[in-house]
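Taken from Swiss-Prot, the feature domain 'C2 1' covers 1-111, and the record attributes it to sequence analysis. Annotated domain 'C2 2' per Swiss-Prot: 161-279, in sequence order, evidence recorded as sequence analysis. Residues or ranges marked as domain 'C2 3' by Swiss-Prot on the basis of sequence analysis: 512-638. Annotation source Swiss-Prot lists domain 'C2 4' at 1031-1154. The domain 'C2 5' annotation in Swiss-Prot covers 1189-1318, and the record cites sequence analysis as its basis. The region 'Disordered' annotation in Swiss-Prot covers 1357-1377. Residues annotated as compositional bias 'Basic and acidic residues' in Swiss-Prot: 1366-1377. Here Swiss-Prot flags 1404-1424 as transmembrane segment.
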Amino acid sequence: MGKTKIYSVGFTVHEAQTLVTEKGQPVDPLVVVRCCGREYRTEIKYAKSNVVSWDESHTWTDLCLTDEEWETAYITFEVQAANAFWRNTLLGLVSVQLRLIQLRKTHQIRKALPLQHPDDTDVHGSLRVTVFACAPGEAPPSPGEEEVLEEEDHNDYDDLRKAVIDTNQVVEREAGSRLYHVYVTAYRVEDLPRSSKGARDPFVTCEFAGCKLKSTQARGCCSHTFNECFRFPVVTPLPEDAILIKIWDWNFMKADELIAVGRISFSELRTRQMVPRWFNLYGFDDEEVAQATKVAGQGGRLVANCYLGRILLGARAERLTKEDDLMPAHTVAARPYETPPVIPLAVLADVYEVQGAPGEKVSVEIWCGPARARTKWVTGLETKAAQRAGVAPQAFNRAMEGALGVASYLRGDIPEGEDRFPFDNTEGRVEDLRLVVPEDTKQQWDIIISLYVRGTTKGFMGDTRIAFQRLKMSKIPGHVHNNPRAPIWVPLISTPPFESVKPAPAILMVIEKSKVEAFARSKRKHVTAVGYQLRAYVYAARNLLSPSGALPNPFVQVACAGTSRETEVFEQTSSPVFMDCLLLDITMMTDPVSRLPTVAPIVVTLFEQRSWGIQFLGRATCHYDRLRGRLKPGESPTVAEPRWIKLRGGKYANRHLGDVLLLLELIRKRDAEIIPAFPMRPVVNMCNLTFSCLGVRSLYMTQRAKRLDYVSIRKGQDKKTELRRIRGPLLRISVSSYASAGRGNNEAILRYERNLPEDPTTVNKLWTTVTKAANADIFKVVNMEIDVPVDPIYDPRLVVQVYDRKQKPKYFIGEYSMSLVPLIPWVLDQQSAIEAVSPVNDFTDTVDLKHLGGLLRGFHGNSKNRGTGQIGLEALSAADRETADAHKEKTLAQSRFATYDPDNKTFSDSWLLPSGLPKILVSSYAVPGFRCDVIYTNMFTLNVYIPAKFVLFAEGKRAADKKTKEQYARPSVDSTLEQFLDDVIFPSDSLKKSVMGDIDVTGFVKFFVNLTHHEEPNPHVDSSAAEWASSEDRMRRHLRGEDAYPKLLKIRVYVIRAISLYVGDDRILPNPYLLFNLGDKSDTLRAEAKPNTHNPEFFTVWEKDVMFPDDSQFELQVWSAHEGTSGGLDDIFIGSTCIDLEERWFSKEWQKSMSKNQVPMEYRPLKQMPSGSFKGTVEMWVELMDFQKAGEVPKFDLQSPAATEVEIRVIVWGARNLNFKALGKDFVDAMIRCNLDCTGYRGSQPIAQQTDVHYYSKTGAAIFNWRMVYSRVVMPVSTCVLQIAAYDNRNMGESPFIGEVNLELRRYLERVASTLNSIDVDAELKLINRSRESADVSSFGFVQVSLQFISQSEATSKPVGLGREPPNRDPRLTTPQEGRKWEDVLGSAGLRVDYRPLWYWVRVAAVVFLSIWIFVVAFLYPSLLG
């Protein structure tokens, strides 16, 4: 289990096309994004068939994963159809491996990915997404780094058919796609550990290419034969490579337990198949897993220390030639496979001694696969000595000690104490482990050596494993009959939570293997105790950190075989020079035949002396196996060379807390007086060091043991910060002195003086910024005559310590330490020198140390007689040897591709170096200045970058494409501009202070250093800068004189946007706003907060007058506006970025870009603290100019893209040839529905609008004359899709879908927004329905529409109504008669009566009755009255 890290993953779901829906009907799609236990759901889009647009973004910036988990991490996009009363329907999914994205140059991918369905092999559409994945220290990609998609530029706006999104095309594979079937076969699992419920219920799952397959489930067993094959259809290219195999234990009424997980590389599987082989599973014990997770969460790295079983797997990839051969993912039965060839094997072990273990008794266990055996329990020498002397505690006292031990155990205290535990022949003999193992060494079990302790008085409840070691079976030596081996010391690894046990224990033992079934085990080898002298040459230490917050008072202790010696204590220094040879008289077991000793682990521990006692800082464990003896006649004496060793400290002994320069030497005690010690004093050259200090910036001082609370400082919470006022900075400059053994006078004190003694009118300013940070001008130069070792391995260091007034621990602010190796004038090869002084982990990792030959200039180039040499060191750890072999194999494999072509030698020599780098590129690094980047030319440490003076340009179509031009007509840099300015003479170097195990940046110091030898100019330093910076008067005139800068300047800050902001809680949407700090002035733009967005667009220009040096520190803060529960403000501080304006003003490169009005745009990271994690990125640039000439410098009109509003009017005239026969009907009740998907739509009209119904159309023709309006479409928009769909109307139930057409309207909107001229287009558009399309049916009808695009201002002056409502104009729409009559409505309902044949007789009858009525009224009625 590797240490956990914080990763950032973000994505944008753009759109989906050509979705395959059930029965071809429109659905309500959404996208569900899953990643590392997180889930995000997009908005549901309604009634979509083929094209769906989302444009939704989300970011997770707090994914806490180990290295192994990151290797297998995926982000999965599932397109689902939402259902109201049952489970959503899966339309398609795609997975992307995050590790592959993180390895890309821009850490992101933007692509249309094919959607797959687990039940078949067809492509179910495509999903266009943008995904980025960043490891710790990597900033999210800037918008300029996105992979721009090529789009055609349509200039014809009259033909609406060109805006149709063609979703009727057949979804095809990418060009160059290859088809595969991947077969992963799980044959058998064995030796699964028992759980709390007893036997296991195991099953196996396999995940790849968006599919997850599961085997059958076994019941109540720890070994089971599956013989099942997982088949996956794979089409390359594929955005994932890892095939995940997981072994689970089924649980009833709770989550299944994951036993083990493994991965197979698909790319390797394509080159060669994996024949069935055993994979051994290793993990952690159930009782230790909680502690292991805790340690990993705090940055610790753990090694699996328990055998959890094994699985027999086979895999292969089969290439297919036809797409018809591709079959869906499925689990099928596999033919049983014979077990790989096996051989008998026995593991033999004898334990001689255990050293450095706490507890009363110890026992050593050998664990190999399913077999394990232990030694007997042995009591330590201290307990035995107490028993023999009669001072052992009586029964009552022992009971009291036991009670105290139980209390310590319950409190969780770590047991302390060390003891030696010798084993005799009987106690140390481990029972033979007789096994049957695979013949292939890679499939054989590892051997786990565990150390168990017991002892209630020591705080151990029961048998407790405190340390272990895992060894490969192939590294175990073979057993030779009647020839016992000499024992060796095996270093152990502490188990959680015993990492803080002083040194890790070690075991002196013999472990062998025998492949003979019948053998006679001989007695273990007899070894005798012989006296030796261990000489530990402790030269120096560097970069030491004290958890107390003050400067450490360090000393080094070297311990071996129960003997220890210490150096003297050095006070208040982080880079002490000890120059001390510690002599340890030790007794070690020696083989009487070979006369070679068994060297016990050598523990080098760094402590600091405090007033209350001794505090642990760091430790390194060295394993040494060389013996220095007398010289033979004619043999030249051996020379020695020290090496820098890493020290590990912290709560779990996993943090790098400094380095120590060390050399070890072992000789026989009888030869100690004959063999002299190596001379430690190196050959030195006297040099002159010039230290020019400009001043200190942004200083903070807190209580000694209190951390600096940056967030509370930004919030102005003075009580929580507990800051102390800084009245007068004091600088202590010291340089390592090897000639005087660290006791020389290579140091100087610089005090802040407000007025110069020689000129009281000259004032050095001391001021405070708005964030309570102290700043001061020093302007002092000190010249020091120092001794510099000729050999750079000693790494002389310059240390700057800053105090407040007094040089006492409670006034300590921080320190800065730098190596002088890049400044040494006679060092010729800086690359090799820096590699030589880089620390190694410890001697266990040092299989082959590299010599420093060729580093020195002139007569020192090849002479090692005047300096030191090196004793080769070799590790005893089998794991380290294996790592070295693997590294060597990798080097040879890579070197095969780097072949030399002699034919190109003449041409390449003209402009290439032997390393392959262009000469002009390397020469550009020779810019004067000592803080230069060294070019590493080996294949593992290549760090070449393009300097600021180089311009890269593109040719061809991409260069002419307007999308590649900078949006704001200026260059840009991918990070901060300071990293690209190489002429800054006084850069800001961080002052650091260790508090409570963490490091705070407490300020910055600005200085210049020059190192000369024999008064010759230093080739690594700018000679022109050294001339004026070496004098206080010239430096003051250059930086504070009348011509240095105008009395009043003006700053312009252009902030475009922020990217991927994170407030620390996924449930909170930020409302970002900007806050500007300049000196003691602060301006907030809280009133302009952008609501509910992680990617706000500010488009803000901020101007302010600047007076140097008071306003030289500029800080841009980003906050999130929130209201508290009680009604007050409860804003959240997101992060800030700081710029030193003084550096930029005095940079000639920056002034040149400013004069051309081409200041680069920056993507500056936002952090809550200088050493914290990224909280986002801000896109901005800064201009600085003379106040009087500010009017001559044009101000860039930084405005957000004009929020032009456009209105869309859709007029549906009618339709023809609607294919209603596909619905099984003889007529159609036609209806047209429009749906707008647009990110910028802000209108009040509904997104979905529909026409009235044209009833009872037997020809498929329909007339509507219907207007739909979408007002207030705010520009710009990323996409705008209008869906026009035809339906067969149903008054009850869902209306059947006939066909649709989708239009991309973005370019029409952009044209109207830029020209403010309306666009009116007419077209007859073809309707499509992919689900019902066949060879006989290719057309589903046509719809006649008119689209009007009008600026909102014009549309407001000429409003229109929806449908045919008033105002009805432009054009006037009439109500059609067709399809609206009663007979049409009744005919649609099936109630239509055809009365046309009876119409003639109805009219005749009516005439007759009318005539009779007239006759009666005219003649009969008057006569009756008369």
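Here the Cβ of each residue, glycine as well, is placed from N, Cα and C on the backbone.
A quick note: this is a predicted structure, and the numbers were derived from the prediction, not measured.
Long-range contacts of the compositional bias 'Basic and acidic residues' (1366-1377) within its own chain (CB-CB distance under 8 A, at least 6 residues past either end) are made by residues 1211, 1254, 1263-1267, 1348, 1358-1360. Under DSSP, residues within the domain 'C2 4' (1031-1154) fall into helix, strand and coil as 24 helix, 51 strand, 49 coil. Note on the domain 'C2 3' (512-638): its mean pLDDT in the predicted model is 84. Taken residue by residue, the region 'Disordered' (1357-1377) breaks down under DSSP into 1 helix, 1 strand, 19 coil.
Across the domain 'C2 3' (512-638), DSSP assigns 0 helix, 64 strand, 63 coil.
In the domain 'C2 1' (1-111), the DSSP tally of helix, strand and coil residues is 13 helix, 63 strand, 35 coil.
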